[in-house]
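First the structure, in the form of C-alpha cells, and then the observations on it.
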Amino acid sequence: STPRILRSSRLLPHRARCASLSPPPSSPCIVPFRLVMGAPPLHKALLLELFGNAAFKFAVTAVGLLATALECGGAPAGCTAVSPFFLTLMTIFVLIPKLGFATGGHFNTSVTMSAAAAGSLSVVRLVLYTGCQCAGVVLAMSLIKTLTPPSYHDRVSAPSSPLPPAYAAVLEFAFGFINTLIGLFADAFGEYKAWWVSSLVIVQILVSGASMDPTGALAGAYFHQDYTLLLEIYWIPSLLGAALAGLFHRIVTKHFLKLAGEAKTTKQKERIEKKVD
C-alpha cells in the first residue's frame, strides 16, 4: 500500500497531526517539507488577511516615517536620512515570524499564489485572499496619509526601479520565485524556520532590491495614486514566479512521496523474505 498523505492544514506539529487522523493510518503518515499554509474557516482567514496585511504595511511604513522624523526633525525636505532604511528592514525581519508565521497569515499575494499553485489553497481562496490583502493595503495607507503631516508624504516610497522595465520585471520574477520557494520548503529549516526565512528575505532585499510582494508595491502606488507599470513589473512577474515555485514544489513533493512509498515497499519485502528464510 502507498503511504497515506496528510493534507491537514492545522498548525500542529507533524506527529500530532498524524496522531489526529481518524481512523489511524495503517501506513506511515508522511508530511513533506513545506510551509503549512493555514486554511482556517473562510471568514477568519479573510479577516486575518485584511487586518493582518493592514497591520504589516502600516507598521513598516510608520517605522520608516518615525525614523525620518527623529533624524530630520520637523524639516524632512532635503534631509538625507539613513536610519529609516535599516529600521524598516528590522521591522520586516521581526514581523515575518511574529505576525506572519505566528498567525499563519500570508500578507503577500505571491505567498498566496505559491500556496495555490502548490495545491495547498483553492482558487476561490486565492481570489478572496488577494482581495482582502489589497483592501488591507488601502486601509493602512489611508491611515498613514491621514495621520502623517503632508511634508512627510514624499517619504513614503513609491514603487520604482533604476533598471529598465524589462530587467526590473525579470528581477521580480526571479526573486518572486526564490522567495516563495524558500517559504514552501520552510520546514527544512527546522525549529527556527520562521527566523531563517525572515533572514533570507532580508538578504534578498539587500541583494536585489526587489519588492517580492505585489501588495507592498501597491501600498506606495496607492499612497501616491501613481500606478505606472505596477502590473507589468510588480504584479504579473512576481505572481508568475510564485506560481512556478508552487508547481516546482508540487512536483518535488510528489517525487518525495513516491520515493518514500517505494522505500516502504522495499522494507516490507525484505521483512517478508526474512520471515520466509
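Glycine too: its Cβ is placed from the backbone N, Cα and C atoms.
Owing to the predicted nature of the structure, the values given are computational and were not obtained by experimental measurement.
If you look up TrEMBL, you'll see 46-70 (among others) marked as transmembrane segment.
Positions annotated as transmembrane segment by TrEMBL: 82-102 (among others).
For the transmembrane segment (123-144), same-chain residues at least 6 beyond its ends with a Cβ under 8 Å from one of its own Cβ atoms are 39, 42, 45-47, 49-58, 61-62, 65, 106-109, 112-113, 115-116, 156, 215, 218-219, 222-223. According to TrEMBL, the transmembrane segment annotation covers 123-144 (among others).
Taking Cβ pairs closer than 8 Å, the transmembrane segment (164-182) reaches residues 110-111, 113-114, 197, 200-201, 204, 208-212, 229, 232-234, 236-242, 244-246, 248-249 in its own chain, all 6 or more past its ends. What TrEMBL records for 164-182 (among others) is transmembrane segment.
Remote same-chain residues near the transmembrane segment (194-212) are listed as 35, 89, 92-94, 96-97, 100-102, 108, 110, 159, 161, 171-172, 174-176, 178-179, 182-183, 186, 234, 238 (criterion: CB distance under 8 Å, separation of at least six residues from the stretch ends). Among the features that TrEMBL reports, transmembrane segment is placed at 194-212 (among others).
Look at TrEMBL and you will find 232-252 (among others) tagged as transmembrane segment.
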By Cβ distance under 8 Å, which residues at least 6 away from the ends of the transmembrane segment (46-70) in the same chain are close to it? 40, 76, 79, 81, 83-85, 87-88, 91-92, 95, 99-100, 103-107, 128-129, 132-133, 135-137, 139-141, 143-144, 148, 152, 155-157, 215-216, 219
